[in-house]
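This report refers to the structure that appears directly beneath it.
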Amino acid sequence: AKMENHTRINEFILVGFKSHPGSQVLLSVLFSTMYIVTVVGNICMILTIRMDPNLHTPMYFFLENLSTLDICYSSVITPRAALAFLLGRRSISYTGCASQMFFFSLFGTTEAFFLAVMAYERFTAICNPLLYQVIMSRRLCVLMVVGSYLSGCINCTIQTGFTFSLSFCGHREINHFFCEVAAVIHTSCSNTLVNELVMLAVCGPIIVGTALVVFVSYGYIIITIIQMPSAESRHKAFSTCSSHMVTICLFFGTVFFMYAQPGAASSPSKSNIISIFYTVVIPMLNPFIYTLRNREVKGALKNQLKRKGFFK
């Protein structure tokens with residue numbers, strides 16, 4: 001009988017934001033626009049870093065990886081959601097749902113680790129400038145990126161494996177615009193206590209651990225900046241960090257709200273809106289936050305455009 005339950009459902013229906021029929025086209029346009037801006041912005045960031053030898057430093061190596069990750073992260077959810085809003089086709093196959101959850105968890109977890117790695121890099125640059133070259137070796141940078149993806153892999157395998165080992169009987173509606181872990185767990189007709197505990201046990205330490213690295217690093221950074229003798233050096237140090245802090249507060253703020261509190265899954269409409277932040281808005285804002293606050297990137301962009309004949 002248990003096996004029957006598994007095979008009875010071969011697709012789910014994503015009903016997030018369905019209650020506002022008039023806004024479907026608007027939502028579709030909004031999601032599509034944000035997705036295009038995300039892809040174009042992040043590709044520009046990658047190309048600028050690639051083409052300018054001055055930007056071949058650990059900080060920009062991580063930024064380039066963050067941009068690549070943001071394109072992947074956004075691609076897992078946004079285009080599909082935009083199409084669903086436009087065409088009203090909200091069904092997603094069982095396998096499609098599992099793979100969407102897998103990749104979303106993979107890239108989402110990796111992003112949390114990336115932000116922690118980038119905070120550590122800034123901490124080393126500002127608090128240990130003399131040892132920076134030694135500590136931030138090419139090898140360590142590559143290892144940190146690979147480690148972030150590996151951690152993402154472990155988390156998404158556990159989350160997806162546990163979620164799709166549940167039985168889904170007749171209830172196919174997922175109250176979300178993508179196959180988000182908590183929303184899918186709610187659809188199951190099994191006892192989901194173990195799953196909710198696993199989710200807290202795995203996501204909790206990841207969110208708290210990466211956030212701790214970030215906030216401790218920035219605590220030291222701020223103290224170091226305040227103690228700098230000249231106003232100019234204070235301003236320079238702060239301008240490279242403030243952008244990163246904006247991204248971090250946005251990302252960890254929304255993720256904490258979603259996953260790190262008991263009963264986080266109980267208010268679907270609220271979680272739908274908050275999810276838009278970390279799935280669509282943050283990947284779109286990252287390149288802007290980093291370029292607009294950053295003289296080196298702006299300079300490199302200007303040089304590239306001059307070379308191509310856009311500026312005289």
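Just so it is clear, glycine is given a Cβ too, placed from its N, Cα and C backbone atoms.
A TrEMBL annotation is a machine prediction, not a hand-curated record.
Per TrEMBL, transmembrane segment is recorded for 25-49 (among others). The list of residues near the transmembrane segment (25-49) in space but at least 6 beyond its ends in sequence, with Cβ under 8 angstroms from a Cβ of it, reads 17, 55-56, 60-61, 63-64, 67-68, 70-71, 74-75, 78-79, 81-83, 85-86, 280-281, 283-284, 286-288, 290-291, 297, 300-301, 304.
Feature annotation from TrEMBL assigns domain 'G-protein coupled receptors family 1 profile' to 41-290.
Listed by sequence, the residues of this chain that lie at least six past the ends of the transmembrane segment (102-120) yet keep a Cβ under 8 A from its Cβ atoms are 59, 62-63, 65-66, 69-70, 72-73, 76-77, 144-145, 147-149, 151-153, 155-157, 159-160, 178-181, 206-207, 209-211, 213-214, 217-218, 244, 247-248, 251-252, 255, 278-279. Annotation comment: TrEMBL describes 102-120 (among others) as transmembrane segment.
Per TrEMBL, the feature transmembrane segment maps to 140-162 (among others).
Taking Cβ pairs closer than 8 Å, the transmembrane segment (197-225) reaches residues 109, 112-113, 115-116, 119-120, 122-123, 126-127, 151, 155, 158-159, 162, 181-182, 185, 234, 237-238, 241, 245, 248, 252, 255-256, 259-260, 262 in its own chain, all 6 or more past its ends. The transmembrane segment annotation in TrEMBL covers 197-225 (among others).
Look at TrEMBL and you will find 237-260 (among others) tagged as transmembrane segment.
Residues 16-17, 31, 34-35, 37-38, 41-42, 44-45, 63, 66-67, 70-71, 73-74, 77-78, 104, 108, 175-178, 180, 243-244, 246-247, 250-251, 254-255, 257-258, 298, 301 of the same chain sit 6 or more residues outside the transmembrane segment (272-292) yet have a Cβ under 8 Å from a Cβ within it. As annotated by TrEMBL, transmembrane segment applies to 272-292 (among others).
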Do you know the mean pLDDT across the domain 'G-protein coupled receptors family 1 profile' (41-290)? 88
